[in-house]
Ligand SMILES: NC(=O)C1=CN([C@@H]2O[C@H](COP(=O)(O)OP(=O)(O)OC[C@H]3O[C@@H](n4cnc5c(N)ncnc54)[C@H](O)[C@@H]3O)[C@@H](O)[C@H]2O)[C@@H](O)CC1
Ligand SMILES: [K+]
């Protein structure tokens with residue numbers, strides 16, 4: 001169990017809109033912090049971090065000449081302070097600002113930079129020979145699409161495809177709240193998000209533009225954050241500390257196997273045998289006390305060997321080799337949790353009806369969701385007494401909830417709406433998986449495209465089912481099991497991809513990376529900037 005989060009761990013859990021960031025900033029200024037002093041502090045923190053990156057990551061292709069794009073507002077002001085500091089550190093810096101007017105503080109920094117002899121160029125083409133571009137054109141003040149000459153400038157920078165571009169706060173052209181491109185946008189190699197994570201960083205739409213992103217802390221007081229966002233905001237980032245704090249360890253010394261949860265997986269068909277196996281391997285990694293797997297009778301022998309610890313139960317099957325009905329001797333209500341769906345085929349709605357009628361916490365995935373879609377998901381789920389966790393990807397989600405406006409709903413709003421409609425926990429899977437309840441949405445900010453692969457969802461279902469079975473014994477809310485499983489699964493994918501490349505993470509391999517001890521040993525590198533926080537205020 002992780003301890004109470006310190007300030008740095010806490011700010012990693014928050015995400016803000018532009019308006020919220022402005023409100024926080026206003027409180028800081030109203031309390032007496034001079035605007036110029038804050039800009040100086042922020043930009044010095046950016047510079048320090050930038051220099052550490054140049055010294056560690058750009059050793060074989062050293063950076064000497066740095067081009068800085070300067071916007072009219074305070075994003076441009078930040079960039080000018082960074083430019084000045086880089087000059088002091090011995091870098092040659094070129095400034096380019098396609099604006100005739102700047103906010104007063106930005107204009108002052110510009111004048112001072114010029115007085116120091118920093119070169120100011122008149123056309124974007126003059127930055128073509130730079131080793132690195134710093135994008136300080138627009139931050140959260142972007143208020144309309146980038147058009148005309150400005151759009152040309154952005155396109156020119158993007159055409160230098162092998163030149164690193166570091167964006168300050170957010171890539172210019174990306175809307176802070178929606179993550180959408182307004183007109184056109186800088187395609188950053190890295191983005192230094194300032195103070196608090198902006199909402200765009202949790203939006204899949206923005207990912208192609210953000211590059212790798214890092215939070216540059218500038219000591220925003222927690223009281224100001226709480227004053228604007230509340231103590232427990234309804235939208236949060238799933239941090240490692242948060243997920244770890246919900247892990248079911250250490251186990252009670254006097255526990256026994258039934259107290260550690262009994263999971264029933266209902267999965268597989270003659271056609272999709274592997275789905276049942278992958279779910280079983282996912283469940284094994286969860287540490288669940290007892291594992292039973294119901295499959296069509298004919299594939300039972302295929303599971304007994306690789307999963308010797310599991311009780312494999314054969315069910316009557318259809319001509320196609322799908323489960324026809326749940327075996328008579330299975331009492332669904334005797335399990336601590338049920339995970340149903342992988343590889344079932346979409347043939348037989350009665351199976352899912354039986355499962356939904358049980359009174360146990362339930363994970364529905366894959367064909368379980370496709371079958372649910374044939375019923376009336378909202379009414380059916382609203383009527384369930386026990387917890388339900390749905391794990392759809394986008395396509396399954398659309399099928400389940402055709403009444404939602406999928407054009408305008410993003411994952412965050414869509415998953416929240418679905419959770420409100422059904423009372424279920426909705427895990428909407430994607431590059432930024434959302435875990436929604438009727439009250440809140442938690443978003444997983446760390447994942448890997450390596451998980452976009454057949455079978456990876458089956459592994460998650462088993463892992464989640466196992467955690468849910470353990471935790472339902474401890475009366476833990478189901479959404480916390482969902483958070484643990486999503487984090488665990490994505491961390492396994494990240495570590496597997498770093499060992500084997502993103503192409504090397506087939507679903508079976510993924511199951512071999514679920515070893516929690518090994519994953520936790522990788523943990524320090526997932527704290528921002530590799531820093532162990534020094535403070536506890
Ligand atoms: N909020 C904070 O706590 C801090 C913010 N800082 C910086 O300040 C930034 C926000 O500064 P600003 O509010 O000045 O906003 P920006 O610097 O993002 O830009 C706003 C300016 O751009 C113009 N503009 C917006 N969209 C345009 C478009 N499409 N075409 C042409 N002009 C356009 C606006 O008229 C305005 O003059 C942040 O992103 C960050 O970089 C830091 O300096 C200090 C701390
Ligand atoms: K920017």
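Keep in mind that glycine also has a Cβ here, set from the backbone N, Cα and C atoms.
Keep in mind that this is a model prediction, so the values were computed, not measured.
TrEMBL lists 75, 172 as K(+)-binding residues, and of the candidates 108, 131, 135 the one it assigns to that same site is 135. Of the residues proposed, 457, 462, 465, the one TrEMBL records at the same AMP site as 429, 430, 431, 432, 433 is 457. For residue 457 (AMP binding site), the Cβ neighbour count at a 10 Å cut-off comes to 25, with all displayed protein chains included. Counting only same-chain residues at least 6 apart in sequence, those with a Cβ under 8 Å from the Cβ of residue 431 (AMP binding site) are 204, 207, 447, 449, 452. For ligand 2, the neighbouring binding-site residues among 135, 430, 431, 432, 457 are 135, by Cβ distance under 6 Å. Its Cβ placed at the centre, residue 143 ((6S)-NADPHX binding site) has 10 other Cβ atoms within 10 Å.
In the three-state DSSP reading, residue 75 (K(+) binding site) counts as helix. Proximity to residue 172 (K(+) binding site), judged by a C-alpha distance within 10 Å, picks out 140 from the binding-site residues 140, 430, 432. Cα of residue 393 ((6S)-NADPHX binding site) to Cα of residue 430 (AMP binding site): a span of 6 Å.
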